[in-house]
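Worksheet: the structure to be examined is printed underneath.
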Amino acid sequence: MNDYYAVLGVSRSASQEEIKKAYRRLARRLHPDVNPGLEAEEEFKRVSQAYDVLSDPQKRQAFDMGADPFASGGGAGFGDGQGFSFSDVMDAFFGGGAAGGARGPRSRVQRGQDALVRLDIDLAKAVFGSEEELVIDTAVGCGTCGGDGAQPGTGRQTCPICKGRGEVQQVQRSLLGQVMTSRPCVNCQGYGATLTDPCHECSGDGRVRTRRSLTLKVPAGVDTGTRIQLTGQGEVGPGNGPAGDVYVEVRVANHDTYTRRGDDLHATVELPMAAAALGTSFKLSTFDGMQDLDIRAGTQTGDVMTLRGLGVTHLRSGGRGDLHVHANVLTPTRLTEEQADLLRRLAELRGEERPEGRLQPNKGLFGKLRDAFKEK
Ligand SMILES: [Zn+2]
Ligand SMILES: [Zn+2]
């Protein structure tokens, strides 16, 4: 088993700073770009392995407890026979990520992007659910090249600039002396190969833009902001890669007479004064058709009549909310002389010609508000 502390020449209690310093000193001396030769290269690998383990608190702890991440032959990027890039060292010193995670040419095949589509529906569709035709601009695999990107009968050639590696290296001066950095190859866009004749249909992208329509089942109970995920219905990726998803974001339009609160519906019915006093019944237009509504005699403004189960369907459980009908008693205006006489006569009979202007005890709306504040 390797003793990484010995390789770096630090004690087992060395701080991260000391480990970093030791590695930096050794790397400066041993790096193949500075010190060519097989021996130095082997030594540099050992030093880098040791640093890889000891600079990572988790790996270091595992190693202290007797495990060795490199002992089984697996090794983070060292066992691939390609040697190693100086960016490994740069990563170690500068926090990593400088050259990007993956090495080697990038794949032409990538996952397609997700798309967000908005869908406007009216309240009735939210109550019961609906089926909608969606038209989306998207990309599908190219039929001419089958997603490969090459015009049929042609192929691709290894990029002469990066020799198929997809990245080119550059020598720069730095605190370590000469330092090699890599960046994606411009000639082949990092793919490592170029198309001898890009597909005439898709220009080598492997996919073509199109407009597609699909049928969406909108579940009952959706509300503004609800998102419906259509897995794999998005655009295919470059190189005919796996399709992304389509997210449909629902927006429910405001209704002229019904208001939604949660899964309950609220509406206000106008009651002529005499009807409210005497009681009546009528047919009310609801999302479930015409419904009988009884108004008991003496109904006041603000009284609520509840029709159970005529609200919005619960999105998950399937039951339904209620429909609440609020009464608004209308005081007659523009009375004819005869009507005014009748009302005066009524007031006389009820001894209400000269009301005292008595203040109402705190019940009603304001009383309830006050009680609600008290409870807090
Ligand atoms: Zn094509
Ligand atoms: Zn290239």
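Just so you know, glycine gets a Cβ as well, placed from its N, Cα and C.
The domain 'J' annotation in TrEMBL covers 3-67. Here TrEMBL flags 129-211 as zinc finger. Among the features that TrEMBL reports, Zn(2+) 1 binding site is placed at Cys142, Cys145, Cys199, Cys202. Here TrEMBL flags 142-149, 159-166, 185-192, 199-206 as repeat 'CXXCXGXG motif'. Residues or ranges marked as Zn(2+) 2 binding site in TrEMBL: Cys159, Cys162, Cys185, Cys188. As annotated by TrEMBL, region 'Disordered' applies to 352-376.
Annotated features taken from TrEMBL, shown on the structure.
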residue : record                : DSSP (3 states)
Cys142  : Zn(2+) 1 binding site : coil
Cys159  : Zn(2+) 2 binding site : coil
Cys185  : Zn(2+) 2 binding site : coil
Cys199  : Zn(2+) 1 binding site : coil
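Helix first, then strand, then coil: DSSP counts for the zinc finger (129-211) stand at 0 helix, 41 strand, 42 coil.
The binding-site residues listed here (Cys159, Cys162, Cys185) include no residue with a Cα within 10 A of the Cα of Cys142 (Zn(2+) 1 binding site). The Cβ of Cys185 (Zn(2+) 2 binding site) lies under 8 Å from the Cβ of Cys159, Ile161, Cys162, Arg165, Gly166, Glu167, Val168, Gly192, each on the same chain and at least six residues away in sequence.
If you take the Cα of Cys145 (Zn(2+) 1 binding site) and the Cα of Cys188 (Zn(2+) 2 binding site), they are about 19 angstrom apart, rounded to a whole number. For ligand 1, the neighbouring binding-site residues among Cys142, Cys159, Cys162, Cys185, Cys188 are Cys142, by Cβ distance under 6 Å. There are 23 other CB atoms within 10 A of the CB of Cys142 (Zn(2+) 1 binding site), with all protein chains counted.
Only Cys185, Cys188, in sequence order, out of the binding-site residues Cys142, Cys145, Cys185, Cys188, Cys199, Cys202 have a CB under 6 Å from ligand 2. With all protein chains in the displayed structure included, the most crowded Cβ environment within 10 Å among the binding-site residues Cys159, Cys162, Cys188 is that of Cys188. Taking the mean position of the Cβ atoms of Cys142, Cys145, Cys199, Cys202 as the Zn(2+) 1 site, the remaining residues of that chain whose Cβ falls within 8 Å of it are Gly143, Thr144, Gly146, Gly147, Asp148, Gly149, Ala150, Gln151, Pro198, His200, Glu201, Ser203, Gly204, Asp205, Gly206, Arg207, Val208. Residues near Cys202 (Zn(2+) 1 binding site) in space but far in sequence (CB under 8 A, at least 6 apart, same chain), listed by position: Cys142, Thr144, Cys145, Gly149, Val208. Cβ neighbours of Cys199 (Zn(2+) 1 binding site) (same chain, under 8 Å, six or more residues apart in sequence): Cys142, Thr144, Cys145, Asp148, Gly149, Ala150, Gln151, Pro152, Gly206. Note on Cys145 (Zn(2+) 1 binding site): other Cβ atoms within 10 Å of its Cβ, all shown chains, come to 25.
Mapped onto DSSP classes, the domain 'J' (3-67) shows 45 helix, 0 strand, 20 coil.
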